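Please read through the structure below; I'll follow up with questions.
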């Protein structure tokens, strides 16, 4: 929106041409979203408290979590609002990738909103039935996958890139749709499973989103892409504005979500942010790198799968409780220790992911 204004004003002063730089608009995206989140946060928390939109806590969970009951939830709406406004202000609104990621994010956020709303109304932690949640995730995920497949200008946009191996690529063809579906839906649910402790999900999301922003910037520049031997995806660089907005909104939300949390993001935030990460990774052809950088999300998801499979097959549990962050809590780790150690692991994994740019 403001990019169009800047383009118009260039005829009066050449200084407005500076807004053509992606790096500047990415930074402005961060600052705008951060400012919005910090400004609107207190108002949203008060509104949620007044309307008694509080978190329902599982009775079979860690006893320390019972004190969290009633903490305002659905704070993810704050994150999505800040991301949306900042992106609309600073991104090129003629870019199809910007709209694809925005729409997918908001649609998955809508699923989460319904889920959270039902939890609040029914005053339990069940929410939207799983079958309906996965149905709508599948509808939106498949729609995005088919759209990206049909609008891909070249086969580069539908080829799987294997990190660390410069000459290994796998043409996917129609298999791109299947992979994209699993990446988007899987990422959405993985972030949601991780969102069980104060600040646990949002900081890894910010770190992974920031790293993906770097991939977007490099993949959208033909010279950088050729030099680094990564896919050149025209237009993908514009997603650095969205990634910047995600960083700013995430950090602004963390201000209120840090231990002890004043507000929880809820499914409206977790499902949306996970879907956003998955969609961005697909666009810049870095699905495997997302798997590496989002290792905490993967670990949380695998712990649930292993726990359920083990209990159904043998009647025994592998972990004291799943997702795995609860396992460490029940082992006696204080909540802040679990959170910070998971953050540290994410820093390491993100650095490994970024290292794939040169280690080939």
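In case you wondered, yes, glycine gets a Cβ from its N, Cα and C as well.
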Pick from 317-337, 338-358: which stretch is listed in Swiss-Prot under transmembrane segment?
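Per Swiss-Prot, the stretch marked transmembrane segment is 338-358.
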Looking at 52-72, 73-93, I want to know which stretch Swiss-Prot calls transmembrane segment.
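Per Swiss-Prot, the stretch marked transmembrane segment is 73-93.
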Residues of the same chain, at least six outside the transmembrane segment (236-256), with any C-beta under 8 angstroms of its C-beta?
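For the transmembrane segment (236-256), the list is 22-23, 25-38, 41-42, 45, 75, 78-80, 82-84, 86-87, 90-92, 95, 97-98, 101-102, 199, 202-203, 205-206, 209-210, 212-213, 216-217, 219-221, 262-263, 265, 269, 273, 276, 280, 283-284.
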Can you tell me which of 73-93, 263-283, 338-358 gets the most C-beta pairs within less than 8 Å of the transmembrane segment (199-219)?
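So the stretch in question is 338-358.
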Using Cβ atoms and a strict cutoff of less than 8 Å, what residues sit near the transmembrane segment (168-188) while being 6 or more residues removed from its termini?
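Distant contacts of the transmembrane segment (168-188): 104, 108, 134, 137-138, 140-142, 144-146, 148-149, 152, 155, 158-162, 270-272, 274-275, 277-279, 281-282, 287, 290, 294, 297, 301.
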Taking residues 6+ outside the transmembrane segment (338-358), which of them lie with a CB under 8 Å of any CB in it?
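Beyond its ends, the transmembrane segment (338-358) has Cβ neighbours at 163-164, 197-200, 203-204, 207-208, 210-211, 214-215, 218, 228, 230, 259, 289-290, 292-296, 325, 328-329.
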